[in-house]
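**Student:** Take a look at what Swiss-Prot says about it:
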type: ACT_SITE; residues: 136; note: active site
type: BINDING; residues: 151, 152, 153, 154, 155, 156, 157, 158; note: ATP binding site
type: ACT_SITE; residues: 157; note: active site
type: BINDING; residues: 158, 200; note: Mg(2+) binding site
type: ACT_SITE; residues: 175; note: active site, proton acceptor
type: ACT_SITE; residues: 241; note: active site
type: REGION; residues: 262-267; note: region 'Important for the catalytic mechanism of dephosphorylation'
């Protein structure tokens, strides 16, 4: 659970008062700048958000009659408000200090510009409050593409990852991949701390990839873009031989491209994954070889059809 205390510590912010409220949970990634509230309109006040007070808000507040000031700040400091932050190194008004102490609302000061701090807070909150899950598989950075290798236990995922690392690519996680959905369409994979940098090879045991291959062979996190699912070759199954069939894998609320690779002796799976990653990069650049081939094939069929009619 993310608390105001953790926010202050990780972002190196300065607590001015309200230390009794540091245990308050932060559940919302949105940040509010209470401009209308400064004018007295609290009908739709988002009290569960972090409140940012900058030059604009405090300049308007200073224009208010003395008899309205304390009541205005008292309404701003609610029991569910995780924190109020005064930016640009401004001095918090005494009425705000009194209200924060009365309601145990953490009052934080920062020298950062309001928009700059809002950007930092949003990025931090989206990361900390992101939806999470974990998957059995291996995550490897192949030519800059985060490739999640999945498949049944014993299919050869870790051995394939080892071959990819030997070929200059980078391991992120083996066996268990922790995944955060930072924003929609952005999945970040990380390794569990216990098995970070480690790779399990059956018959060999656990190896430390960073020790064996150097710091350039590992990453601590990577955006997942492509799923390669390994399965034993089924002679009765029709596998995609052209590349027109688009499979996807849904993780949380995000779908990523999925490719199923049949495994059997003689197939170099690591090379196939390298080509799949390069082909994925071409696809997002707008170059689709399968569609180009299909278009040429259709044109050739139409051409021969016209020739047959003419004859």
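Cβ coordinates are placed from backbone N, Cα and C, and glycine is handled just like the others.
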**Student:** Considering only the recorded positions 136, 200, 241, which residue has the minimal Cα-Cα separation from residue 156 (ATP binding site)?
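**Tutor:** It is 200, whose Cα lies nearest.
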**Student:** Of the recorded positions 136, 175, 200, 241, which one has its Cα closest to the Cα of residue 151 (ATP binding site)?
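**Tutor:** Closest recorded candidate to residue 151 (ATP binding site) by Cα: 136.
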**Student:** Using other CB atoms within 10 angstroms as the count, which residue among the recorded positions 136, 157, 241 scores least?
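**Tutor:** Looking at the recorded positions 136, 157, 241, the Cβ with the fewest others within 10 Å is that of 241.
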**Student:** Fewest neighbouring Cβ atoms within 10 Å: which of the binding-site residues 151, 154, 156?
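**Tutor:** Result for the binding-site residues 151, 154, 156: minimum number of other Cβ atoms within 10 Å at 154.
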**Student:** Around residue 200 (Mg(2+) binding site), which of the listed recorded positions (154, 158, 175) come within 10 Å, judging by Cα atoms?
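**Tutor:** So far as Cα distances go, the recorded positions lying within 10 Å of residue 200 (Mg(2+) binding site) are 158, 175.
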**Student:** In the structure shown, with every protein chain counted, which of the binding-site residues 153, 158 has the densest set of Cβ atoms within 10 angstroms of its Cβ?
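**Tutor:** Its Cβ has the most other Cβ atoms within 10 Å: 158.
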**Student:** Going by Cα-Cα distance, which of the active-site residues (136, 175, 241) sits nearest to residue 152 (ATP binding site)?
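**Tutor:** Its closest listed neighbour, by Cα, is 136.
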**Student:** For residue 175 (active site, proton acceptor), list the number of other Cβ atoms lying within 10 Å of its Cβ atom.
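**Tutor:** That number is 17.
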**Student:** I need the neighbours of the ATP site defined by 151, 152, 153, 154, 155, 156, 157, 158. Which other residues of that chain put their C-beta within 8 angstroms of the C-beta centroid, in sequence order?
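**Tutor:** The surrounding set, listed in chain order, is 230.
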**Student:** Please report the DSSP secondary structure of residue 241 (active site), reduced to three states.
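**Tutor:** Coil, per DSSP.
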**Student:** DSSP on residue 152 (ATP binding site), three-state: which is it?
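**Tutor:** Its secondary structure by DSSP: coil.
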